[in-house]
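What TrEMBL says about this protein:
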- Glu294: active site, charge relay system (ACT_SITE)
- Asp298: active site, charge relay system (ACT_SITE)
- Ser508: active site, charge relay system (ACT_SITE)
- 208-591: domain 'Peptidase S53' (DOMAIN)
- 1-18: signal peptide (SIGNAL)
Amino acid sequence: MRVSQFAGLVALSTGTAAAPTLRSSSPYAVKERHAVPPSWSVVGEAAKSHMLNLQIGLKQSNRDILEQQHLSAEEVNALVAPAEDTLHLVTKWLREHGITEPQLSPAKDWIHVAIPVAKAEELLNTTYSHFKHVDGSDIVRTAEWSLPEHLHEHVDVIQPTTSFFKTSRQSNDIAPDDSERWWQPMPPQYHHPSPTPGNLSAICNASFTTLECIRTLYGTIDYVPQVPEKNAIGVTDYLGETQNRSDIEIYLNDFRPEAAGIAYKFPITLINGAVDQQTRLNATELAARGLIVEGDLDGELVIGISWPTTFMSWATGGSPPYNPDLATPTNTNEPYLEWLTYVLANSSLPQVISTSYGDDEQSVPYSYAKRVCDGFMQLGARGISVLFSSGDSGVGSNGTCFSNTDPTKEMFLPAFPASCPWVTAVGGTKDFQPEVAVSRFGSGAGFSNYFGRPAYQTAAVEGYFAKIGDLYAGLYNTTGRGYPDVAAQGNHDVIVWAGNVTTVGGTSASSPTFAAVIALVNDALIARGRPALGFLNPWIYGGAYKALTDMTSGSSIGCNSSGFPAEVGWDAVTGYGTPNFGKLVGDAFHTGVPWTEWSK
């Protein structure tokens, strides 16, 4: 957008704003209630001295305008900035409670205050409790919170309060009782490039999906990035994960030796108290610390596929074990909000970002999900492709498929953030000739209960419903956003972890794989003076799906059912299918001719 045009939009959107309306304090009323998921239970009161990094999301402006633009960070901030009245009233309320120096985001749509539980309870007229999950993890939350009535229309969300979102990894091969298969040694022939390059049957093995296999299967193996210094891709890490540089180096030496020099050079940005764990530990020690494979998996696949494209990662702290006896500050805050507010405050970001974490949509209140999703929309408006793994529980984990608000109501469980219409959700596949939906676990799939079906996928979803009829009627929302959008290998991907070459499965492998292919498409575009693809879904559903390889076999098993079936065209298992790099580049240039032809 031209600067003059943008300036006109800002003037139009703010020029008629009313002067601040000064109001005296009003009675408190409940702003939000959210049912506590059955996997969490109260174990006692929260320590009054426990510190909370309270994040207050103010009502944003000009959302409809933002949806239609491709803007800079500064332009996005100017558009979403809250009304002057909103900012004045909320900061006045905070001052009345002794909070005089809140931190504002660049767009002034988020206010950050670090306060003890006792102050938060006073501020929100609530009581916090110490909750424990069935897996043993702990958080400090409340089932409801209140605001003065006159602030309800000015505040969208405050967290951590009612969100029981648990950033779960989307990888499946690392259960402690699976150690025998987990440590199955790799046959020597799969440690090095195939002597018959380009021959899928010789390169790809159903038990070991190597980097060479992925690059051959998706058509990137002969592409040489042209402008790696102008193009970047990033991955996010949570739950104490980072990329172990020693593992990255071993992996690249084995599977892409020309890239091995990057292992100790790429940046790892630490957010919200995250720690860059680089000490060499064995698998048992790592597992004891709750550190599995996520960081290594994401970094190895992205670098291995997209090198020498610029690579970076973010490690975000949050939700470590909570000890109610400690008087010192601990952190059970919302990691997605921590990461999102951090990156939105930065003017320079990678063109592609992949994340392999998620949880059940109903574990978070709608207000939280919507503001996080709106944050992904802001990234899309800045020309950034945001990809998420679709999850590893199919339509829901067996035995858990019930509503939080009505434990007798059976339902499929959509995942978040995959259900957000502003991200590209990536499902999992296996095999090679042809690829099919992964079956050792359920590739995350379904229809959101929070977000309506976006216009870009109306024809695709209605076409799918015409094929499956009334299958599972009543168990899912027929008007919700359907996912995944696309898919990639996620069955037995070869990685290095804890110094050992091994395999891992899950859509945690699928998302970075698809993201890395998109980074290479961006390289081809940028090299010829074109912009990066940005938000992918309108492009994919608008015609680029013809450049994907359709999966027509398999289903999204879960909830003690076979789940949604794969069909010709879009389906709620693998979306539109897996990438074909040459065809995607051809579509991106509106030629329909693969890059291998026009680049000669």
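Backbone N, Cα and C define each Cβ position, glycine as well.
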Other C-beta atoms that fall within 10 angstroms of the C-beta of Glu294 (active site, charge relay system): 28
Rounded Cα-Cα span from Ser508 (active site, charge relay system) to Glu294 (active site, charge relay system), Å: 7
Other C-beta atoms that fall within 10 angstroms of the C-beta of Ser508 (active site, charge relay system): 32
Neighbouring C-beta atoms (10 Å sphere around the C-beta of Asp298 (active site, charge relay system)): 30
